[in-house]
Amino acid sequence: MAAATSSSPISLTAKPSSKSPLPISRFSLPFSLTPQKPSSRLHRPLAISAVLNSPVNVAPEKTDKIKTFISRYAPDEPRKGADILVEALERQGVETVFAYPGGASMEIHQALTRSSTIRNVLPRHEQGGVFAAEGYARSSGKPGICIATSGPGATNLVSGLADAMLDSVPLVAITGQVPRRMIGTDAFQETPIVEVTRSITKHNYLVMDVDDIPRIVQEAFFLATSGRPGPVLVDVPKDIQQQLAIPNWDQPMRLPGYMSRLPQPPEVSQLGQIVRLISESKRPVLYVGGGSLNSSEELGRFVELTGIPVASTLMGLGSYPCNDELSLQMLGMHGTVYANYAVEHSDLLLAFGVRFDDRVTGKLEAFASRAKIVHIDIDSAEIGKNKTPHVSVCGDVKLALQGMNKVLENRAEELKLDFGVWRSELSEQKQKFPLSFKTFGEAIPPQYAIQVLDELTQGKAIISTGVGQHQMWAAQFYKYRKPRQWLSSSGLGAMGFGLPAAIGASVANPDAIVVDIDGDGSFIMNVQELATIRVENLPVKILLLNNQHLGMVMQWEDRFYKANRAHTYLGDPARENEIFPNMLQFAGACGIPAARVTKKEELREAIQTMLDTPGPYLLDVICPHQEHVLPMIPSGGTFKDVITEGDGRTKY
């Protein structure tokens, strides 16, 4: 039987399995049992959008690395489906997986023990595993691999898959499934994970023939890393894992509906039109997002040639150095005043690798209302989805920038671009509305803690975060110099992301300084991953900004709900004068050094100690809960609604 997939553009026609057919009800599967008669279900098309990473082993033809692969099996030697699956991962260059075993996936784990090249980093929860795989992928550009068992193991991956889908992160998730004969019978630990994840994966597969494993794995990696990166799920029934077979590694991929829609290189005429608009403008601004992360060199050259200031989305941080004089840092709801001012007053908005999401635009009709808009993105579905551009290019931002840079270099004398007056105007805004914070006695402003960390690491650390106030402060006050330094759940906003993401980043970058800047609410959601950090001896540093509250929700309570507290206090109401829970004891239980700091004057030394201590370390920084993330444009608001003053000490 052919492998079942979730998307109609991919061919379902294949030779029937040579293995003994099993009596499976046609009502129990999310696809038609007759290849010539596809299911009448509506299928979601495969998404293609802004590139985040260079494709890794994704060319349709075999690469030299795959050609020279040496198998530990003789070519005609039968082996289990699980061993075929693991070897398929090896052939894709996989060196690390984040896998938690269970009844329906233990065959895969047994096969992993027979691999001499793949390391399994054992998370303490499947959500920790998928977030760690994301951290690995986001920090390295390579696809992250996570493995879970059927039922609750698979459903525990859902938040991570949705997160990777929204942020365009290349993931391959492999799940065990109940044996084929039990599918649809409500068997123990059975969930229809293909159906569950249909709308939060770029594509997914239910493997129904052991012979299809080599092709499916190759396709999964190609889909995850080409076009718009994203998560792909491969669901493998246990009897498929146990079945003996001789793999055919030369099977071609069958992705006609996908391959035909991959964007072509941008046309010279389109790029020339954009250069003409630049030459005619007086107040241009760059608006760059996650789709520009793989184009930082080309973007830097473009800015050098044009002198156009750069504003970044949360996902785009690091694509252009935040400490450069032409950087406006982040725009949007909690972006800098000067970045939002630039967009508000621009006459040309160059939107590269972005999707005009609500946290950036606020009220769509008012966003960049005076500007001509140029939108370059590799996903045709994103162009015109929220904001209609005057000029659009559906293609790779990297190729578009390379092409425009050539045009600009060839026409430099003719164009003589000079936006000095505009840059001076924006410099005045920087002087007038800098990112700032207030100090109250000995209390530690959370912004100051991040500022000190930036100074002591010289802006070279890889930073992961949870979600909330600390996330926004980390985006504002740490100056990212390069892409892939900033790892954060941007589109989904998943709390609990920071700690496991730091694990993945540390595994992918063993020589890097990796710091999880976290809040007490987010941190405790995946606190069990401290055990993984200790067992794997990963030098992850945790800068915990602890205010005993759900800070961002509390900020909205202060501003819009008359400070009425609705379950945002995370401490013990019976012991409000004590820090609860004691995060140091969590660290101590896992054998991780930890310390607490409560006074501003002691903070710098405490952070330096954290950085100097070999291995992992947790620093519990006690912060006042009254702090607000500013600037702030209320949801659905415009630049005119920007809030720059106040905190929880004021009544509104």
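Here the Cβ of each residue, glycine as well, is placed from N, Cα and C on the backbone.
Taken straight from Swiss-Prot:
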type	residues	note
BINDING	Glu126	thiamine diphosphate binding site
BINDING	Arg228, 334-355, 377-396	FAD binding site
BINDING	Asp520, Asn547	Mg(2+) binding site
COMPBIAS	1-20	compositional bias 'Polar residues'
REGION	1-23	region 'Disordered'
REGION	469-549	region 'Thiamine pyrophosphate binding'
TRANSIT	1-69	transit peptide
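Features per Swiss-Prot, on structure.
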residue	record	contacts (Cβ under 8 Å, 6+ apart)
Glu126	thiamine diphosphate binding site	Tyr100, Cys146, Ala148, Pro152, Gly153, Ala154, Asn156, Leu157
His345	FAD binding site	Arg283, Arg370, Glu425
Ala351	FAD binding site	Tyr287, Val288, Gly289, Ile373, Val374, His375, Ile376, Asp377, Pro389
Gly384	FAD binding site	His375, Ser392
His390	FAD binding site	Leu277, Lys372, Ile373, Val374
Asp520	Mg(2+) binding site	Leu544, Leu545, Asn546, Asn547, Gln548, His549, Leu570, Met583
For Asp520 (Mg(2+) binding site), what is the secondary structure state per DSSP, taken as helix, strand or coil?
helix
By DSSP, what is the split of the region 'Thiamine pyrophosphate binding' (469-549) into helix, strand and coil residues?
34 helix, 16 strand, 31 coil
When DSSP is mapped onto helix/strand/coil, what comes out for Ala339 (FAD binding site)?
helix
Restricting to the same chain and to sequence separations of six or more, state which residues have a Cβ under 8 Å from that of Ala339 (FAD binding site).
Ala311, Leu328, Gln329, Met330, Leu331, Gly332
Restricting to the region 'Thiamine pyrophosphate binding' (469-549), what is the model's mean pLDDT?
99
Using DSSP reduced to three states, classify Ala351 (FAD binding site) as helix, strand or coil.
strand
